[in-house]
Structure formats: C-alpha cells, structure tokens
Amino acid sequence: MKKPIGILSPGVALGTAGGAMSSKFFLMALATFFSFAQVVIEANSWWSLGMNNPVQMSEVHIIGAQPLCSQLAGLSQGQKKLCHLYQDHMQYIGEGAKTGIKECQYQFRHRRWNCSTVDNTSVFGRVMQIGSRETAFTYAVSAAGVVNAMSRACREGELSTCGCSRAARPKDLPRDWLWGGCGDNIDYGYRFAKEFVDARERERIHAKGSYESARILMNLHNNEAGRRTVYNLADVACKCHGVSGSCSLKTCWLQLADFRKVGDALKEKYDSAAAMRLNSRGKLVQVNSRFNSPTTQDLVYIDPSPDYCVRNESTGSLGTQGRLCNKTSEGMDGCELMCCGRGYDQFKTVQTERCHCKFHWCCYVKCKKCTEIVDQFVCK
C-alpha cells in the first residue's frame, strides 16, 4: 500500500529588492497566512464522515469515487487518494468515526466537557486545536472506532480486499478445540486504520521544534494508543458443537471486544495521561521525568485543558450553563462541580416509564406505563 505524499512544503525565498520595510511586511503577511492555514487544517477532519447521512457515504462507490472523494469534507489529500483506491472502505470509515464520537459522548456524559459536537466539519469545534488530554482521548477513540468497523466489515464480507481473520492459533488453546470459524480481521483493520487516520499527520510539514510538530507527534501517538487498545482487547470466542448441547467439540475464532470495553480502557488512560514537551532533538518527553515513560497504549498531551466552566469562543468551550446535574452526587456530575460553584435552578418534569411488567405464557412481557413528577436541576 502506497504511503500518501506530503502536501505541505512551506519553503519560500525572500527577495531583497523591496528593502527592509517591505520584507518586514511580507514576513508578517506570511506568518498570518500560515497561522490561518493551520486553523483551516485543524478545522477540517475526517471525523465529519461520522456525521454524514449513511446514504451519502454508501454512494461513494455506487456513483463513482473520483468526484465524490474530492467532495467529501474533512479529508486530507492523502486520505482522498486512499478514498479513490478503496472506495468500498469509506462507509466503514464513517461508521468507525460515528462509533468513536458516540463512545466519547458516553464516557464524558457526566463531565464538564461532554464531547459535544458542532455543526461544521471540525465536528468538535475549536477545542480540538488545543493539545489537551480531552483532545488526546478523542483522537484515540476515533482511531479505535475505525479499527473496530474495518475489522468487522472484513469478517462480514463487505470489503473486496479482505476477509475473515487469518490470525495464528493461540498456543494456549486446548488441542481438541478447532481453530477456525470466521473471526474479525483485526490485522487488516489495524493496518488500514493506521494508513488512513495517520495520513493527515504524516503529510504535514513543520519546523522541527515547533508547536505544530509537537501536535503531530501527540496526535500520532494517541492514534496508535487507540488502535492498540482495540487490538490488545480482542479475545478468543468459541462455539459448542455436539448432540443435545454436549459440547463435545468447540470451534474458536478471534473476536473484537465490545467497544464499550475499549472506551472504558481509554477513559482510564485519559485519567492517567502523561503531560509531554518537546526536547532539543524534537522528540516528545515527559514534563515530569520522575514518572515512567508512557507506553504505546498510554495517552499523552502537550497543553493544559481550557476552562470548561464558561463559554469561550476562542477555546471552543461551551460552558456548563444549562447542563443537567445531580444534586445528591459528590462526583463530577454533581451540581457543585458541574456548575462550577455558580449554583443551579430546580424544575419539575414528567417522566413516563414502563412498570408493573408481567410475563405471560407464552411468550411475551406486558407492561403498564407509569408517569411521575420528578425534580431536575440545571446549572445557572
């Protein structure tokens, strides 16, 4: 598989004819241009494929890849090339992105930053321009979502370039158990996710030691952490065969873990993420050298998190005003922490739930609908 070609090459020769003042203004304009270009780069993301209508994604290979791949919002040049080559993969890239976004929102549902999406191709807004631990989690869980979706699509025969898993038989599998079936092709899912997701970072060129180069290294590390988490959590699944459920024979195969398990593991990594900085050789190193170096499965970040308590257009924080909170909780979902000490308002709402359920022979459950008035609390 060919590597995407880098597209950013900001080498510019400056003439001297205009004098010192002209050169000064030219340099200022150039700096402004690249600052704007960086914002544009960060503002567009392949994550937007997870926000599209599924019909639009499936049309990529029905109508023909050439025009649609160029029109898909958020793809870098390298990712567009991969779209042209692997038309049938794009629907599952979108499914993987959607899986990652949903898992992010589940894991952070009780946090001040709750992985909210915005209505543009950045998906998460300006907050992703900050190299925070929240950004680290988002990159990791999105990359993990792509591995998950691609591996499953291979197993289900949806892709022309892969099929069932060819993973080697585990050494600890009992000798009388058969290794076969059609397992999730995690090897292929991992490789393609790496090629596609990392393409944007690898084609960006920035000066060694710059903030932008540190962000690239951070993003690549967290992408890999997400992929590795899916890979390492995959396990052997087995099915019994035999007369009357005797299980005299077992067939086993490699199977993806439930994605909630992946999200839980990455959330733990988020809580213990390592603060990093660039050293003189242009490598990421820990800010606190007394701690163990992060592994390939750990998350890393280079910026402190912004204040998520109040709305801030420059950082992308939406604030917590209007968020529901739990009056009795002392955790992050509690009104004291969620509302950042601003207090909360109380209102009553009507909830309808299934109740008084009974099992009827044979074979259904019949329930009544019960309504109750409950108190809810929202941050001021």
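Note: Cβ is positioned from N, Cα and C throughout, glycine not excepted.
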Item to check | Of the candidates CYS182, CYS247, CYS252, the one sharing a disulfide with CYS238 in Swiss-Prot | outcome: CYS252
Checklist outcome for this item: Quick note, CYS247 (disulfide bond) and CYS363 (disulfide bond): C-alpha atoms separated, nearest Å, by 28
Item to check | Spatially closest candidate among CYS154, CYS309, CYS355, CYS367, CYS379, the listed disulfide-bonded residues, to CYS335 (disulfide bond) (Cα to Cα) | outcome: CYS379
Next on the checklist: Around CYS355 (disulfide bond), which of the listed recorded positions (ASN114, CYS182, CYS252, CYS309, CYS340) come within 10 Å, judging by Cα atoms?
Outcome noted: none
Checklist entry - Which number gives the other C-beta atoms within 10 angstroms of the C-beta of CYS162 (disulfide bond), all protein chains shown included? => result 21
Item to check | Per DSSP, three-state class assigned to CYS240 (disulfide bond) | outcome: strand
